[in-house]
Every structure is written in structure tokens, then in C-alpha cells.
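As given in Swiss-Prot:
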| type | residues | note |
| --- | --- | --- |
| BINDING | C72, C74, C87, C90 | Zn(2+) 1 binding site |
| BINDING | D463, D465, D467 | Mg(2+) binding site |
| BINDING | C812, C887, C894, C897 | Zn(2+) 2 binding site |
Amino acid sequence: MFGENSRDIGVLSKEGLFDKLEIGIASDITIRDKWSCGEIKKPETINYRTFKPEKGGLFCEKIFGPTKDWECCCGKYKKIKHKGIVCDRCGVEVTLSKVRRERMAHIELAVPIVHIWFFKTTPSRIGNVLGMTASDLERVIYYEEYVVIDPGKTDLTKKQLLNDAQYREVVEKWGKDAFVAKMGGEAIYDLLKSEDLQSLLKDLKERLRKTKSQQARMKLAKRLKIIEGFVSSSNHPEWMVLKNIPVVPPDLRPLVPLDGGRFATSDLNDLYRRVINRNNRLKAILRLKTPEVIVRNEKRMLQEAVDALFDNGRHGHPVMGAGNRPLKSLSEMLKGKNGRFRQNLLGKRVDYSGRSVIIVGPELKFNQCGLPKEMALELFEPFIIKRLKDQGSVYTIRSAKKMIQRGAPEVWDVLEEIIKGHPVLLNRAPTLHRLGIQAFEPVLIEGKAIRIHPLVCAAFNADFDGDQMAVHVPLSVEAQLEAKVLMMAPDNIFLPSSGKPVAIPSKDMTLGLYYLMADPTYFPEEHGGKTKIFKDEIEVLRALNNGGFIDDVFGDRRDETGRGIHIHEKIKVRIDGQIIETTPGRVLFNRIVPKELGFQNYSMPSKRISELILQCYKKVGLEATVRFLDDLKDLGFIQATKAAISMGLKDVRIPDIKSHILKDAYDKVAIVKKQYDDGIITEGERHSKTISIWTEVSEQLSDALYVEISKQTRSKHNPLFLMIDSGARGNKSQLKQLGALRGLMAKPNGAIIESPITSNFREGLTVLEYSISSHGARKGLADTALKTADSGYLTRRLVDVAQDVIITEKDCGTLNHIEISAIGQGSEELLPLKDRIYGRTVAEDVYQPGDKSRLLAQSGDVLNSVQAEAIDDAGIETIKIRSTLTCESPRGVCAKCYGLNLANGRLIGMGEAVGIIAAQSIGEPGTQLTMRTFHLGGIAATSSTPEIITNSDGILVYMDLRVVLGQEGHNLVLNKKGALHVVGDEGRTLNEYKKLLSTKSIESLEVFPVELGVKILVADGTPVSQGQRIAEVELHNIPIICDKPGFIKYEDLVEGISTEKVVNKNTGLVELIVKQHRGELHPQIAIYDDADLSELVGTYAIPSGAIISVEEGQRVDPGMLLARLPRGAIKTKDITGGLPRVAELVEARKPEDAADIAKIDGVVDFKGIQKNKRILVVCDEMTGMEEEHLIPLTKHLIVQRGDSVIKGQQLTDGLVVPHEILEICGVRELQKYLVNEVQEVYRLQGVDINDKHIEIIVRQMLQKVRITDPGDTTLLFGEDVNKKEFYEENRRTEEDGGKPAQAVPVLLGITKASLGTESFISAASFQDTTRVLTDAACCSKTDYLLGFKENVIMGHMIPGGTGFETHKRIKQYLEKEQEDLVFDFVSETECVC
């Protein structure tokens, strides 16, 4: 267990150090002779009169040691001078009482007892070794049936079960001595002892080789793995049956006296007492030669008592304690949040800490925090005492403490001295990312609240409505140094998740800066004056200070001489030799801007401030940026105070056009209602159309209101507009509710209530409207409570799966790469290429397109912002970069594949815990978003547009589109995978454009992907102009359109079975709807060329839920609607849908309504119907290869006969199953899919997370392979092994001339991947504790303590950051040098002597 140690942990003694930890099954001899200090024979705990432990009982002092330090039980020996003496009267050793936390005892069992973990935990270890089922084992263990151990000369077989009647029959027939059959633990013990594992292993391997059935092979491989575990370890199978039970030290299961003479005891004592009582009773019964039936019952009861002790409730009913509560067994002590692992080993209480309410400290510098004097006195007490003793002010610790309590003046002086340069750590719970703990220089303050700098609030997610924070004091020099160098607030001004600044002025500061930098509103020419010209900035500032400034509201504030200047006045000033037109406010602002950034001459909303801070960091470094941030904070607060912006009711201006727009909307809703009444549209469509109308109204009014408040009036700026436009407070959605209308509201289930709230908050809501509002508000609060827990659990799983991913080397030298491009939606670019490639390593040289002489980036370069921008500007669409997904480091990842550390813009350092950073980056916004749901107040936010409008002039070209001319004269799209391209007018023919686009020889100005049923308003090849409507999208239905003329015939549309006629209650009209059915019917509409139905022209499958729009025998023309499938009511999008989606992706779950995807490239065809499923065939015309897909008739197809599809393309509606992408398209495509899908969820919420974080999680999900053919290796069929282990084993086998194993990549969800980690300590502390430990013990697994969690649990320094091996090597080298110096010094002295 203890290996040669290379760790330097400082605090632990050298004997306490170890490099690895091995777990195994303890033998009876180990329990009795090595662990135990004596046998417990009595169930008594303490004497009721003396309250002293009973001799031989569960708290016996003779076995466990004395209850008082250096004092034996009878009092003969007291004091330390008798150390180590064993009292001759009471037998107690004189030692420290803390040995009662270490010394164990044992209970000698009357009969062998089966350990419930090895029998009940799936897969059953005992069952697998013996080849018996769990139910058979249970009947034997609990004394219901006999099992044959040795059949002798009888016709019985080994391991055959016999009930009482059969047993008596066999005894009568063959005699009692002719065979051996037993019950209970004894029988299992004998069977396990007699099992020849080597021959069993051979036999299983042989059977595995011969078996062809996949299922049987999987079963055999699982059993083989367990047997191999026993063979390769020093464990004996019979050790799974206990003859002795270890007893936990008494101080770990204490008995505590309460008031009133009662005692509180650990549940374990009750459980042990039951075992001892039953064991003693059984021993007595066995001595008395009691009837077999009573003995058997007693043995079963003992087995149950031991089961309850190890795992209460695993077998039968749990043992209850007082108040009908199940007793906590040893398993419960380890499991779950309050178990030993998570409660005591991974989360400990910390001394030298305190907590208090926080308040804002605008006077603080960025690296400071205000610490209440009383708190500091308590926290730094030991330091103060030492300093007081060193000064000679006091001589004992007691007198120093008294002096501190008195609050003597010298104490305060000493405290001031001590805290200089001694940082403290501040933490706010929940600590969702590493910025939740930062270090500050403490500043002593009066009062009892901690003060924090306004700019660190965002990182802590803190506000001052009663939030509390904890303070921790780093004690050792190393800890102080680490806090100073790595954790100080100025070192943490960027988010590790995206590299964006987190320390940005907000609220009042933003408002003050925006006000200062606002566009000129005072033009002297309009007031009969001239534009003032100043020779430099100082002159402007002097004018400002001398004359005061002219206020927006109070007009001029000039001095007696009439001098003065308006803060927003248009002036001219000479700066750096140039005359610039600006405002005095901007001159004032530029006084604090570093000169390298140039003169900032534009308004300053919060987004621009953020960009300025980033720019500042890149140009002038951290120190100057931090100074700039402090100056921004001060200036912002001063200007906000001076501007005194406040909001009045009149500032909320209701748009004049409101009543007109509302009247219009009501008219449109009435038309839709009439269409419904006439039976033209369905209830679902009516609902959807109504919602679309109100959404549009909502947007119109919102825009009108924003324009209204942005107009300047007599007092120049509307305060409401200032607040929103600056980004200080509020947004357009909230403004809309204040002054336009509240709009559509959502029900708690997400469905939108179709009657909107047309009032706004300025007008006031009616009672009904208020009642509707409460829906949304309540949903928000309920969501917050429920989803926070979900998000926290997701973060925990992510941390667990990625915790051991650290930077282990500079460069792994891989040639692998991934390709990335900009992300767009239609013609809109959501994420430019430069943002995606910044900070990544280029995998191959990047040249200017068409100019090989101009190198933009060299292979191996880590791209900075300048290079990234140059590549983007050069028009390069895709670029090959290195990624953690393709990194070949044997453990962890390399710095080059990871790229820059986003928190500081430098290459990531060695030992950096990138896995945990990744998990926090993904988990933190999830929690934030769930907490923020209610800010929308349940306002319906539907994101879909009913029309496509072009933003450029050019020629419209249809690409990959099948269209048919509709009845209105417009083209209707018949296939799904096509697009409309707008290309520059170069005077070519349409065919030339199409050819150039297909070969990517020309760039499109815009691309609009279109789907089935889109109505294109412009013909192919027609010129279009900016702002022109080119297509209409059907939002409410998926249409099924006819593309050939002919006559209709219904096929399998049988009323009452596959269809039903529904009478519309309002109109009385009958609608034919296809319903779900279980028969052999396959509803479709066939089209024949004439009324006699002689020749079939085409068939159209009709999915369930569709409404048929044509009648049988009717003549139809191309473009006519045959049927329509309502899209259902639109639900609001919210991260509440998003978080489960992220969990579904990272857990690699199969989505509920999964889509079918094409397995090969080819053309779609249909081949009839079989067992309620449509046979869809994809045929590759080049190779003639065909792939069949059986698709349920209820599923909606998104491809049609004759469509070309590519491998991996969706054939039906729904979400894709990730495992299928892996199987069909391979690992690279799956990685791309998972990264993009997770990003999609966060992007919808406007959350920015760098791809590299998601890539690390995906890498962890794909780190295993599944063995398909073990070859000559020791690997097993169907086993999931680490890629590293797989390649290593294959290399060894090939060197020995054997056949290597074959494997396929396997995708594991994060929970499964966490449990499959190499470290059993880490896995056990995550989930399934008992199963993980049982598994590890059977195979005698060794934990090499390579990850973080296992080292924290063992109390070692973590192998990351400053604890990384490189750092440790430096430390050891320095220590060795010191030793050599000492040795040299000693030698020299000896020579002198």
C-alpha cells in the first residue's frame, strides 16, 4: 500500500506519505489478528450508575483504550509518567484517549455470514464466481434451501438446490453420509473455497471463443472479468464470507449524555448490539443441542442483523430506530451528500475564517477589501500574540489574550502592521466558478460589515441586499504567496469561460460615464454664439471648473464674467496636434484613458466600455488596466452624482399610434376567427395565427416607444432612454411593459395565453390582466427554486468527469486537427471566425487566398487577436486548428492543443486544471440563467419570422430546390434541404451562376435555407433589391403539396380506424383528420392520371394528426394542398428547456422522439409498408448499395421520393441520437455535433462560452473504446477500456508476435464516464459508493492518486497548479542543494577542529 514517495506535502510527517492506495478484501485472520485489539463479547455499552464503559462491551476501555488521557479505568495509574503501562488491575493501557478513535475490535461469529455487498450489489460477485443466480443464492443464504457441496456417489449435481422435502428424500435414499449439502453462509463458504478459479478461467475463455451469440458473449465476458479480478489479485473468494466482524472504534460511534440523564447514541451501536445479542444467543443454542428448526431461524436472524449493520434496507425491511426512522448503517455513513466522502473528506470546515454581511466600498482600490476591526482582531489573533511577545509587550499567551480583549492601543498598532501585505480570501456562496474566491489586501474599518469594491460584484454575483461573504486567512508563507500572485482581484478581471472582462463598470458608474460621453446636445450656433475653440485639454477643464458647467435642467451656471461651458456643448480642442470636434465631457473622460488608446470621441454604453477595457489590457498591460478601472469607477460615480439623473412618471411616454395599432390587431384577430368559424383553418392554426398577430403588435409598439423616448426634449435627454441605452438598467422588453403594452403572457406549462395584456404599467392593469400576469410571475419563482438544484447537479457531474484533465506537457506533437468556420443563421453571422479561432493553435500554414507568398499564420502559432482578425478579413471560411479533442497526451492535455488561457491571454501554464475550469464555465451560466428566468415575468418570447427579406441587391438563385407552381402563381418548395442564394449581378446566365455556386467559385452575398412549404415570391434568376420580400414562411402548418396533376384516391384512410371526422363546434363543418392507430393500415393519398384510376402517378404518405384538404375523386393540379400537419401551439423558449437539453447531450441520452438518419449517401425511395412501418430505402446509385430504414407511420418524413441525401442527414423530424452519429459518421462528426448543440443552447440565451471548454467535456465522453475482438490480448469482448490502455496492450501483444485487439469508439454519458475513471476513490466519492468499492476490492485495485479529488480525500497536495510535479521537482532540487550545503559546512568545521 505504501510506495516510495515523491510527494512533498510539508505538513505531513514522512511516515504518513504514500504514492498509491490499494483496496482489497480483508481475510478473517487480518480482521482478528491485525486490525482488532480484542473481542467484544457483551452487548452492553456503559454502566447506568457509574457511566463508565462496561468491560468486554462495545465501549470497553481494556480493548479500545482509556476515556481520559493518561489514566487507567480503575484510577491506579494517573499522569503521563506511567505512559505505556498496562494496569494489572483493570487491564487498561495508560495512553492518550484519542486512541479510542483508532483502535478496532472484532466479534467472533458463531457461524459464517455472507457479506451483503458481495452478494446483493449488481452484478453479484458471489453469484458470478459460483455461477449461481441471485435468487438461488438468496434461498441458500437465508436458510430456505440446501445446496449440494459434494454429491458423493449420489445422482445429485454440485450446486443443486434441495428444499426440505427433497433433502429428506435424498437422505432416506442415499443415507446422510453419502453426500454433503448445507445451508446459509457456511454452505457458500465451502462452495467458494472449493472453487478452482484457474480451471474456471480456462473454461470461460474457451466458451467465449466458441460462442457466437452476442448476448451470451457479453454475459460470459462480464463473468470472466470478475474471475480474472480474483485470480490476478491476492483475494480469496471465500473471504467474501465473514467469520469475524470488525467493530468501528468507539469514538467514531459515540454515546453522548444529554440533559435529563438521557443519552444520544450513534445508530451503529444499536446495530452492533443486535448482532452481539443474536450471536451470543446462537452460541448458547448450539451448546444446548436445540432442534434444527430453531437453530436455523437463529442463524437467519444473525445473517439479517449483519446485513442491517453493513447495509440497512438492502435486504428485507430496514431496521427501525426511535420514531420509526431507519437506522444508519455503515453504507449510509459513506454514501451521499452527508456521507464520509462528501461531508468530511471533500468538504471540511475551515478555521481562521469568519463571515459577515457585505456593503459597497466605493473608496476602496481594486485590490482592497474593508475588514471590520473586531473580525480582523479575531482572525489575526495568533499573529498579534507573536508580535506582542517579540516586542516584549507581554511574556505569556494568556496575558497577550487579556491585552487583546482590553483593546489596548498597542494591539491596534500591531494589527495595522500585521495586515500590511497579508492578503485575505473572500468567498461568496454559491461558488459557481473560480472567481467566487478572490484575494484582497485588507483595510481595517469601523462597523461590522465587510466592504467590497464595486467592480468585483459581477465576478461574485454579489449585490447588497443582505448578501453575506466569508473571509479566510492564508496562514503559511506559501499560501500567502499563492494568494498574492494568483488570486488577487486585479489578476482576475477576465472570465476564464470567454475571455471577456468581468470587472466592468455597471449601474450608476455606467450611467455616469454614458452621461459624460453623450453626444453634443448644446450647439452654440443655435443660441447665437460661436463654437468655442481651446488650445488643449487643460484649458477645457479650467473652463469647466471655473464657470461650473451648464446644467440640462437649470440652464446656465456661469461666473460673474459670463464665462462657463456646457458639459455637452459642441467645442473644438487641439489634441496631439489635431483639432477635434468633441464635448467637454469627453475631454474630461479622456483624462483617465491611457494615452496609447488614443482619444475616445464617441458615446460610451456598457458594451463599448467592455471593449475599451479589453483593448486597454492588450495594449498597456494589467497594471495600467487596473488603474484605469479604478479611475472609471471614481469618475462614473462622481458624474452620476452630479448629473442626478432620476426618472419621473412623465418620462414614460405612451406612443400616439398605440390605439390605432391595437384596433388594427383586433380586426386581424377577428378575420382569423371568422376563417376558423368557416372551417378554413383549424383550432391550432387559429391559436398560432392569433399569437403571431400579437407578437408583431408587441414589436411594433416596442420600437415606436423606443423611438419616442430617444427624442430629445427641452431637458435634452430622457432619463429612461439614458438608463436603457447606456446599459445601466432595464432593457427594451421592460420598457415595452412600462409604456407600450405587457403583451402576451405564458401559462406555467409554457403555452401562450392568446389574449394579450394591452395595458402597460403606466396606465395600470385591469383585475383580469393582473390575474393573467400572476401566472408568469409564479412560474418564474417556481423555476428558480427547482432549476437551481438541477443546474448545480449538472455542474457537479461535469466537474467530476473532467477533474483530472490538467495540462501535463507543452506540446504532444500531434498532426491531428479539427476544422472550424464562422457560425451563421441564414445570412446573419452569429459568431465570426475571428472569435472562434482566437487563442487556438493553427495546425497548418495559413496563406492569403490567391497569394501563397503572404503567410498569415504559421503551423504551431497560437493565434492572437491581430492574426485572428487578419485571417477573418482575408475571407478564409474554414481553418484547421488543434484541439483537446485530438490531443495525444497520454494523460491530461498539452498546452498547444488547449491554446491560450482566456483569463490572462497567455499560453496556458503547466499543471493548470483546465478540466475544472471547463466544467465551471459550462455549469456557471446554467445556474445564472435558471436564477434569471423570472426577470421576463413570464412574457412570451416566440422566435420565428413569417417572411424572408433580402438585405442586398443582386440576383436570386434557387439551389438544390424542387419547386412547383402554386395556385397563386408563386413557387412552393417541395423538399427540405435547399436554399435561396443572392449573388452579385455579374451579367451571367442563370445556369452559369448555379454552376459557379455548386463549385464554390463565387461567394453568395446572402444565403437563406428554406424548408418544405415555403412560398417563394420571386422567380429563379430574377434581380432583387435590398429590403425586398422574397419568400413567405408557413409558421403554423407543415403542408403536403401535390406536384403532379391527376385524380385523388384515398388509400387506407378508413373512417373510424385510421381517420376520424371531427365536427367543428363553432362552424358545424366536418374535418377529416388522420388519427394514430395500431392496425395494418398505412394512410396515403394516391394520384392517378384519369378518373378511371388506370395509371398511378404518385403517392403521398399522410402522417397522423394531419388534416386532409381534398376529397376522393377530386381533380388536382400541381401546387394544390393535399393535407396539412399543424405544427402545434407555439411554446415559449426558455433555458428551462435548455438546461435539460444540455444534460441530455452530455449524458449521451437517446432523445424522446429520435430522428432517423441516412446511413449512406444516395437517393430516397419507398418500398411499401411492413408491420405498421414504412420501408424507406436509400440507394447509392454509384455502388448500387442499399440501406433500409423502417419508419413508424406516425413519424413525419422530411424527405420525399427522389431526394438526394448525404450520410448522417435527417430523414424524419426529431432530434438525432448521438450514438447513431458516432456509428454512421464517425468520431469527428459526433464531436462537432455535440459541441455545436451545446453551444446552441447557450447562444440562444446570449451566453458566451469558448468552444475549448465544451471540447474538454466531449473528450472525456469519448475516452473509451469497446472491444469487438480481443485477439491475443488480455482484454475481454464487449469491455470498455481507456484508449491509452487499449493501445498499450496492443503494442505489448504485437511485440510478442500476437494478434492485436479490435475496438470501436464508444460514447459515454458524463455520469458513466465519471464512474469509469481509473481512480476508485474519485468514483466512490461521486455516486454508487458501495458498488464502486465492492468492484475495486474484488480486483484489488490500486489508486495511484493522479487526480485532484483522490488527493484531497487523502489529505495530499493536489497535483495541479503549484502542486504540479514540475514545481515539486524544483522544490526537491532546492532542498537537496540545501542539504549539500549543510553537509559541506559540517565537513569544513570538522577539518578545522
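Glycine too: its Cβ is placed from the backbone N, Cα and C atoms.
Keep in mind the model is a prediction, meaning the values are calculated, not measured.
Known features from Swiss-Prot, placed on the structure.
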residue	record	Cβ contacts under 8 Å, 6 or more apart
C72	Zn(2+) 1 binding site	E61, P66, K78, C87, R89, C90, V92, E93, V94
D463	Mg(2+) binding site	C457
D465	Mg(2+) binding site	none
D467	Mg(2+) binding site	V357, I358, R428
C812	Zn(2+) 2 binding site	C887, E888, S889, V893, C894, K896, C897
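Summary of the Mg(2+) site environment: with the site residues D463, D465, D467 set aside, the chain residues having Cβ atoms within 8 Å of the Cβ mean position are I358, A462, F464, G466. Contacts of C74 (Zn(2+) 1 binding site) defined by a Cβ separation under 8 A and a same-chain sequence distance of 6+ are given as C87, R89, C90, V92, in order along the sequence.
When secondary structure is read from DSSP and collapsed to three states, C894 (Zn(2+) 2 binding site) falls in the strand class. Other than the site residues C812, C887, C894, C897, same-chain residues with C-beta atoms no more than 8 angstroms from the centre of those residues' C-beta atoms, the Zn(2+) 2 site, are E809, D811, T814, R882, T884, T886, E888, S889, V893, A895, K896, Y898. When the binding-site residues C90, C887 are scored by other C-beta atoms within 10 Å, C887 scores highest. Annotation note: C72 (Zn(2+) 1 binding site) sits in a coil segment as assigned by DSSP. A 10 Å cutoff on Cβ-Cβ distances gives C894 (Zn(2+) 2 binding site) a total of 22 other Cβ atoms nearby, all chains included. Least crowded of the binding-site residues (C87, C897), judged by neighbouring Cβ atoms within 10 Å of its own Cβ: C87. Note: the Zn(2+) 1 site is recorded as C72, C74, C87, C90; in the same chain, E61, C73, G75, K76, Y77, D88, R89, G91, V92 also have Cβ atoms within 8 Å of that site's Cβ centroid. In the three-state DSSP classification, D465 (Mg(2+) binding site) falls within coil. In the three-state DSSP scheme, C887 (Zn(2+) 2 binding site) is classed as coil.
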